[in-house]
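The structure appears right after this line, and notes come after that.
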Amino acid sequence: MAGLKRRVPMHSLRYFISMVGLFSKSGLLPWYARNPPGWSQLFLGTVCKGDFTHVVATKCQKGQKSQKKPSHLGPLDGSWQERLADVVTPLWRLSYEEQLKVKFEAQKKILQRLESYIQMLNGVNVTTAVPKSESLPCLLHPIIPSPVINGYRNKSTFSVNRGPDGNPKTVGYYLGTWRDGNIVCVRSNNLKNIPEKHSQVAQYYEVFLRQSPLEPCLVFHEGGYWRELIVRTNSQGHTMAIITFHPQKLSQEELHVQKETVKEFFIRGPGAACDLTSLYFQESTMTRCSHQQSPYQLLFGEPYIFEELLSLKIRISPDAFFQINTAGAEMLYRTVGELTGVNSDTILLDICCGTGVIGLSLAQHTSQVLGIELVEQAVEDARWTAAFNGITNSEFHTGRAEKILPGLLKSKEDGQSVVAVVNPARAGLHYKVIQAIRNCRAIRTLVFVSCKLHGESTRNIIELCCPPDSAKKLLGEPFVLQQAVPVDLFPHTPHCELVLLFTR
């Protein structure tokens, strides 16, 4: 990361001195004023069975200038940073062109494995079928590169735990495993996928923690309070921070003091250097809490951040899903739009729609957009985005897709064409969602987006393509996998989005 050497302004020092009396009455010491630590086009592969030139972007950065390592890192810290980079961004030592070659070959192997499963489902003896090295179930297009290679993440989650020096108030990413009991929390300053702004906020959160009299919550049953930090940014440079806090047995008055303390740190203390657009605080007694389980409390600033994408202004709530690479997401959604082939007579069904960007970006080309999403705040964002952008032919439903989808599809059996888009979490789709899609005759085209086509997602594909099976209530005509397009949203990592087109 580029060096970020800031000194605490004199007005901040005077502010801290003035706060001593206030916090000493509550048994809290003010954070001590000190200097925070220093900071120190491309197509890949030969297309298999075809071409896809109408989708790929015309511009792609081949990389960015190398950036200086944080000046405060000694030899030991440097080795920890390198080890962390090898775990979080295993491909960081390769050129981006070499990374894309690795990913393209990985997607080929995934599709070859799928082909083996599909052949077995159709009674083909895989030992006498086309050799595995040449057998693909569909047309595989070249990988679409990310327009941004370094610092592309718009959301980062930082943990709190013991660092290499044993300090339990270290903010960063984990090395090791809980099972082996060798967890070490290492600062993210050198990770190529993390923006400088995210690391800056994490560094100041660490400064705050180390001056707070309250201990961090490392293991729930051992007590402690301060937990993880989430940082979200947009392309305009706005920054939202979300701090998770275990309340233990603190009274509401004591909780209020903690909220005011961290709020003042980021408004008038050293943390003001982060220039946060908003700061949220969530009291959580579980590993993960939704807004419904424990509301996000806005301590200051704007309640949302906004993004410009595909000519839409999009609203994003603290816990709403949004692809972590904004420029790459635009490439991904354009690819999905190309593959859907929607027209003015088509109903677009957007399952696991998040903030609704895919459906809303195609709304002008369809008769209606129907979105389903579990996170209520994301649905509210989608409705806001539709209204703000003057889109009147969309509906968004909150809840589990397996409960909403069957009833929603019953009314779509009147002959009107339905195109479905699914972009599930890594756990894949619930089997009832697969049943509903298979058994709805109106769905002739399906676009499936997956960043990890393993486990349940593989099972989803198999059940979409298998012969009718009354025991599994898969009665509809099977889908046929026609095309696959890899889209890289995660440079320096082995991960890649794979967009699959099915028809029947």
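Placement of Cβ uses the backbone N, Cα and C atoms for every residue, glycine included.
The following features are taken from TrEMBL:
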type     : residues         : note
BINDING  : Q323, E373, N423 : S-adenosyl-L-methionine binding site
DOMAIN   : 344-408          : domain 'Methyltransferase'
ACT_SITE : C451             : active site, nucleophile
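Where TrEMBL records a feature, it is marked here on the structure.
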residue: Q323; record: S-adenosyl-L-methionine binding site; contacts (Cβ under 8 Å, 6+ apart): A329, L332, L489
residue: E373; record: S-adenosyl-L-methionine binding site; contacts (Cβ under 8 Å, 6+ apart): C352, C353, G354, G356, V379, A382, F396, H397, T398
residue: N423; record: S-adenosyl-L-methionine binding site; contacts (Cβ under 8 Å, 6+ apart): I351, C352, C353, G354, I358, V449
residue: C451; record: active site, nucleophile; contacts (Cβ under 8 Å, 6+ apart): R426, L489, F490, H495, C496, E497, L498
